């Protein structure tokens, strides 16, 4: 138990610093060398797709079996027997809850859903993407709007146009990111086995670092002062450690109520991973017209790495 607690505390510290570094580096890099940021687009995209594979394995090879196992223990305490797929239902409830949260943010937003003019972006959308929609959970790095280049057929996105991102939009992005970051942290904090903590940490660290990079790019393009950017970055970076802390508190609770809360929250967190994989990462990355087969390869590679770790009980 002591080793497990130490592992979770190390995860808290690790994810916090990965996210903090990921969100603040773009603020300096884009200000000093936009071309360097442009060249890193492909690397970020492949890392994001690799993260999608990691989350697939996390959801179906680690979280779902854990929820099933804990659910069986909870039901046996109440002498309840059922063949209904309760674990899968709880996981999908988490998925629907995350979809609802995203659509709620879009519905009540007075401003446009993207950090840039959708008309400007969509006028040149045939350059690199088939999409005309930008999720509020995704910054420019994941939607790749920051890197559309002029090809001489219609308006294209200029570097100067990117600086119009308002602080209100940045704050709404930070809120949206924080909302499901807490659930990702909960999933880590609720784990009872060391190998599952490690596999979850890899998935969360890869994904959340890329999320932080997206936030950092948005802050850089909005010309946010470094001090304010640091405050926002610290706030968002603290959400996963907060979730891990909440998970630790719930996991330490004794009796049936603590077990029920643990299995429900773990299942809902699994639904959040499902949302991130299919609607955030894959929906955006695989619609890009470049490197599609390479992205599929990285997706399978990400899944294989985590599935192998679960199989070997590493």
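In case you wondered, yes, glycine gets a Cβ from its N, Cα and C as well.
Values in this document were obtained by computation on a predicted structure and should not be read as measured data.
Looking up 125, 131, 290 in Swiss-Prot for phosphoserine, the annotated residue turns out to be 125. For the transmembrane segment (263-283), same-chain residues at least 6 beyond its ends with a Cβ under 8 Å from one of its own Cβ atoms are 48-49, 51-52, 55-56, 58-59, 63-64, 66-67, 70-71, 74, 87, 90-99, 102, 135, 137-138, 142, 180, 183-184, 186-187, 190, 203, 207, 247, 250, 299.
Among the recorded stretches 43-63, 86-106, 197-217, 230-250, the one sharing the largest number of Cβ pairs closer than 8 Å with the transmembrane segment (293-313) is 43-63. When Cβ-Cβ distances below 8 Å are used as the criterion, the transmembrane segment (230-250) is approached by residues 5, 8, 11-13, 15-17, 19-20, 23-24, 170-171, 174, 177-178, 181-191, 204, 208, 212, 215-216, 219, 224, 258, 261-262, 265 of the same chain, each at least six residues removed from its ends. For the topological domain 'Extracellular' (251-262), the list of distant contacts is 70, 73-74, 77-78, 189-190, 192: same-chain residues at least six beyond its ends, Cβ to Cβ under 8 Å.
The helix, strand and coil residue counts that DSSP assigns across the topological domain 'Extracellular' (251-262) are 10 helix, 0 strand, 2 coil. Note on the topological domain 'Cytoplasmic' (218-229): mean pLDDT across this stretch is 74. Residue counts for the topological domain 'Extracellular' (64-85) under DSSP (helix as H, G, I; strand as E, B; rest coil) come to 14 helix, 0 strand, 8 coil.
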